[in-house]
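J.: Got a structure here, written out as structure tokens. Questions coming.
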């Protein structure tokens, strides 16, 4: 009785605050219990309370930052060990002077660099497009001619580099990839330029018709609602107000240089060029480009070379080991390339041109479905596909699945185009990989339904799929250029 009389009483407000803290989390409940038990005797201190283990989802515990730090540390240590093993096994293979020698030719004629010559010659197609658009604007030729012209132009524009590459004895396929990438970008920009100017001509025609209708309705008594509906529809076609003033040399060349594939009459512009920003992007571009080249020469090339014999003899365990060994450097290089191109390079070009729309990518690293990944990691291509392929098909009563399939087919075609032609061999591995994204997209969208599992599948497809394609193309290219005997007699470095 004496002990009970001396026990401290809690105020009502203190009791309610303790109750609410217990309802908020088990951790706070435990802390408050321990604090209150300190005022009690040894026999009355509460040791056990009703609470779940932290790894149980019912506990509500979400702070696992320490494990994230541990995983980063293990990743650095494991990759550091592999990098050290690579240096011990092969020595230093990085030769910057050899990189520079690939730029130099003994014959300094422009035609000794056919890839550069083709890029310069593409100015003829640009001027031709501008001239044809001016003719179409004046009404001397119709839209049927425009459709035939752009179809023929795009086909020829894509075929010219193919013919030159396949008939030329250029040994380094890298420069062919760069040249053909420029030609693909120009072809897509021609399509967008033609589409938008066609929409402007159509809008201008509708404006003329609507103005006539509005004038006729204003002269006579009519339904006011019908009159204002026509006025609203007339204001919707004001996109033609900048047409044909946009048909100028400076306008089309600005579009050809701008980091976008979708043409508009007026692009958002920044007020000035930020020199500090420009210097940072330039340093990133130079440093990361050299880093990528060094990693390819030091890490990827020896791994691919030592994978030729296991692939030829179809030693599945050895092939799997080589695939996993290549996955780490390949994915690291892919991430570096993404940052170098989509952030450093495109922002550098945008800053020089004062191009204000800098959304070149979204949070593809959080993609829980394959479809969201392809919508977020390359925004310029995604916008082009939606605006000039998907939406026109939907307006012409095609199904969503048909439009979805055509978008992936076009993407698969250009992926294969940029790989097979420079390597001068056609194996369709890249094409099959892209078309395989369609059923994989169905799995992540409909079966897995996104979430953490969907994000893991997205990353797994990138980590495993790309090195697998590299090994397939590398094996076939090596046999095509050096013969089967060079592969079977190869000494493998484990």
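Note: Cβ is positioned from N, Cα and C throughout, glycine not excepted.
The following feature annotations were taken from TrEMBL:
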{"type": "REGION", "residues": "1-40", "note": "region 'Disordered'"}
{"type": "COMPBIAS", "residues": "1-10", "note": "compositional bias 'Basic residues'"}
{"type": "COMPBIAS", "residues": "13-27", "note": "compositional bias 'Low complexity'"}
{"type": "TRANSMEM", "residues": "110-132", "note": "transmembrane segment"}
{"type": "TRANSMEM", "residues": "144-168", "note": "transmembrane segment"}
{"type": "TRANSMEM", "residues": "174-196", "note": "transmembrane segment"}
{"type": "TRANSMEM", "residues": "282-301", "note": "transmembrane segment"}
{"type": "TRANSMEM", "residues": "332-353", "note": "transmembrane segment"}
{"type": "TRANSMEM", "residues": "401-420", "note": "transmembrane segment"}
{"type": "ACT_SITE", "residues": "415", "note": "active site"}
{"type": "TRANSMEM", "residues": "426-444", "note": "transmembrane segment"}
{"type": "TRANSMEM", "residues": "456-474", "note": "transmembrane segment"}
J.: Compare 174-196, 401-420, 426-444, 456-474 by their Cβ pairs under 8 Å to the transmembrane segment (110-132) and return the stretch that comes out on top.
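T.: Selected stretch: 174-196, with the most Cβ pairs under 8 Å.
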J.: Sequence-remote contacts (6 or more beyond its ends) of the transmembrane segment (174-196), Cβ cut-off under 8 Å?
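T.: Result: 102, 113, 115-116, 118-119, 122, 125-126, 129, 133, 146, 150, 153-154, 157-158, 160-162, 165, 252, 255-256, 261-265, 384, 387-388, 414, 417-419, 421-422.
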J.: Based on Cβ pairs under 8 Å, which of the stretches 332-353, 401-420, 456-474 lies most in contact with the transmembrane segment (426-444)?
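T.: Most Cβ pairs under 8 Å with the transmembrane segment (426-444) come from 401-420.
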J.: List the residues of the same chain that sit at least 6 positions away from the residue listed as 'active site' in sequence and have their Cβ under 8 Å from its Cβ, in sequence order, or write 'none'.
T.: 430, 431, 433, 434
J.: Give residue numbers and ranges for long-range contacts of the transmembrane segment (401-420): same chain, 6 or more residues beyond its ends, CB-CB under 8 A.
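T.: Residues 158, 177, 180-181, 184, 374, 381, 385, 389-390, 393-394, 426-431, 433-435, 437-438, 473.
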